[in-house]
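Asks: Encoded as structure tokens, here's the structure I'll be asking about.
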Amino acid sequence: MNKVKSLNRKDLLGLKDLSVEEIKLILRTAHSMKEVAARPIPKVPTLLGKHIITLFFEASTRTRTSFNMAAKILSANITNIAISSSSVTKGESLIDTVKNLEVMGVDAIIIRHPMGGAPLLAARNCKASIISAGDGFNEHPTQGLLDIFTMQEKRGKLKDKKILIVGDISHSRVARSNIWGLTKLGAKVTVVGPPTMIPRGIEEMGVNVSYNLDDEIKEADFINMLRIQNERQEKGLFPSIEEYHKLYGLNKERMKYAKKDVLVMHPGPINRGVEITSEVADGPYNVILEQVTNGVAVRSALLFLLLGGKT
Ligand code: CP
């Protein structure tokens, strides 16, 4: 099959929509971008004159910063809109906001929003490229791509690799983007967590389901731990943080049963001592900060490809 050389799409809203060839194109391009980012002067003129906006309705450290770095590496102009001091606080709708940005000549708008589908709504109402930086429980496509990039960088082809995604699957956009992308690449994905945190019917996405981390850990090539949101405790999804950690937390004792070359991942931010202990998060198996580094390369690749670049 001929390799695709460009992304013939305006927007990136999720990995569900991407073909295998499109995913491979982004990953290949990210390898070149990683080389650019590692240069003493990490700057190329590729997107000179392009205007990019970040519009984050939720907090972010990694995603927003790495999109900023990616834009600057490619010489694009980037503006971060602070929602708290924007006209959103006066009741302006998302559609009006993106339409106003569009007529100023913006080329791409990167949106993080608590409502699943918000980037899709923006994309349908705006000529600028819309990139989802995470929407509700739906998808976090660039996190999924950087996770896959990191796995491939470490272990090569992912076909038949065993990947555990552990934690609050129901509310995780990271889990969904990982599942869409990894299953397209032929990986064997198992989601693990308490029954209250695994949505019914998720097997239809092509994954196995397990409620017992100890049963699964021995065979795993990668363990991707998800953040437990303490605020959800009020909803009684599990009896206590201590109980959760005992059953689903990744700690030194549990790691004794894992393969010697297993790799531990986490999208961040981490709740140390809840879903993962510091010993494991900072230990020899972890690639957590490498994921963050790779976020710059993957987001550079995506900006390059969406804004007209060809490999
Ligand atoms: N992983 C991730 O999305 O991190 P931020 O919330 O800091 O962007």
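Glycine is no exception: its Cβ is also placed from the backbone N, Cα and C atoms.
Pulled these from TrEMBL:
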- 10-153: domain 'Aspartate/ornithine carbamoyltransferase carbamoyl-P binding' (DOMAIN)
- Arg62, Thr63, Arg112, His140, Gln143, Gly268, Pro269: carbamoyl phosphate binding site (BINDING)
- Lys90, Arg173, Arg227: L-aspartate binding site (BINDING)
- 159-305: domain 'Aspartate/ornithine carbamoyltransferase Asp/Orn-binding' (DOMAIN)
Asks: Cα distance, Arg227 (L-aspartate binding site) to His140 (carbamoyl phosphate binding site), nearest Å?
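Replies: Counting only the Cα atoms, the answer is 14 Å.
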Asks: Give the distance between the Cα atoms of Lys90 (L-aspartate binding site) and Gly268 (carbamoyl phosphate binding site), rounded to the nearest whole Å.
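Replies: The Cα atom of Lys90 (L-aspartate binding site) is 32 Å away from the Cα atom of Gly268 (carbamoyl phosphate binding site).
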Asks: Please work out the number of neighbouring Cβ atoms within 10 Å of the Cβ of Gln143 (carbamoyl phosphate binding site), leaving out its own Cβ.
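Replies: Cβ-Cβ neighbours of Gln143 (carbamoyl phosphate binding site) within 10 Å number 24.
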Asks: Compute the C-alpha separation of Arg227 (L-aspartate binding site) from Gln143 (carbamoyl phosphate binding site), stating it in Å without decimals.
Replies: 14
Asks: Quick one: among the binding-site residues Gly268, Pro269, which has the most Cβ atoms sitting within 10 Å of its own Cβ?
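Replies: Within the set of binding-site residues, the most crowded position is Gly268.
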Asks: Helix, strand, coil: count each for the residues of the domain 'Aspartate/ornithine carbamoyltransferase Asp/Orn-binding' (159-305), based on DSSP.
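Replies: Its residues divide into 66 helix, 24 strand, 57 coil.
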Asks: In whole Å, how far does the CA atom of Gln143 (carbamoyl phosphate binding site) lie from that of Arg173 (L-aspartate binding site)?
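Replies: Checking the Cα atoms of Gln143 (carbamoyl phosphate binding site) and Arg173 (L-aspartate binding site) gives a distance of 9 Å.
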Asks: Restricting to the chain of Thr63 (carbamoyl phosphate binding site) and a gap of 6 or more, list residues whose Cβ falls under 8 Å of its Cβ, or answer none.
Replies: Arg112, Ala133, Gly134, His140, Thr142, Gln143, Gly295
Asks: Starting from each candidate's C-beta and looking 10 angstroms out, tell me which of the binding-site residues Lys90, Arg112, Arg173, Arg227 has the most other C-beta atoms.
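Replies: Of the binding-site residues Lys90, Arg112, Arg173, Arg227, the most buried by Cβ count within 10 Å is Arg112.
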